[in-house]
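Here's the structure, in structure tokens; my notes come after.
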Amino acid sequence: MKQLYGVIGNPIGHSLSPVMHNNAFEHLNMDAHYHAFLVEEEVLGEAVRGLKALGISGFNVTTPHKVAIMEYLDEIDPLARKIGAVNTVVHKNGRLIGYNTDGIGFVRALQSISHEPLQGKRILLLGAGGASRAIYFSLADVGVKEIDVANRTVDKAKELIAARTADVNSVALSLEKATEEQGNYDIIIQTTTIGMHPHVEHTPLQICSLKKGTIVSDIIYNPFETKILCEAKEQGAIIQNGIDMFVYQGALAFEMWTGSVPNIGRMKQLVIEKLGG
């Protein structure tokens, strides 16, 4: 019997997940299909119960349901609970189990371009929203000890840091202070929507004094190179856009659902082609 997978969200028509997962199923000769489901906020509970009744094997969760879905699940992974959001659900033995692969996917993406272990690196996160929270706790989970958080409102950065449970040294900074301190970091991670199309001229941080070998990563992938990445490249930094994070979090969900490891390079190439790159 064909296995059913999918993604729920609103809007959902722009989702790149179906083409990525369906191609992986085809490549691995798996009898499965991945479908995008438009789900309004007011019917989320009914939608989740309906998917469970249909026998869906697993599904992704995107905006605006990542937090609200938690009350409709049978079990939530400890890391997802710490992050406070779920983006992947596994249907196992009649139970819906929620996970968060955003942060771990980002960590794997970062590891793919870093020539050294992340554990000894000093990292600066720009932003203190949901994506930053997922990345912060996932970095802490793999043993990173120095993670500072810069945000327009410093109190929000302080709230994120205060929620930590691991042994992590963290300081909350204003964006102005982060601009001054940027040369002290090995890795800078941009987690906000600043610089996303159509506001491509905006940047949360002017790159002006990076040290040699700095990695600058932006979770945005439209445009492929945001202003912060362009400035970082001019400074000689190693840069990474959000395509890698998207692909690695999707590949991790695929692995959790099926037990099979998809071809990351193939997934990435498909996404780039769909984005017109």
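Every residue, even glycine, has its Cβ placed from backbone N, Cα and C.
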Candidate sharing the shikimate site with S15, L16, S17, T62, D102, Y221 (per Swiss-Prot), from N29, N87, N184: N87
Swiss-Prot annotation, NADP(+) site containing G127, A128, G129, G130, A131, N151, R152, T153, V154, D155, K156, G242 - matching residue among I104, I215, I219, I264: I219
Those recorded positions listed as K66, R152, K156, and which of them has the most Cβ atoms within 10 Å of its own Cβ: K66
Recorded positions near G129 (NADP(+) binding site) (Cα-Cα within 10 Å), from S17, T62, K66, N87, D102: none
Distance, G242 (NADP(+) binding site) to L16 (shikimate binding site) (CA atoms, angstrom): 13
Densest Cβ neighbourhood among S15, T62, N87 (binding-site residues), 10 Å radius: N87
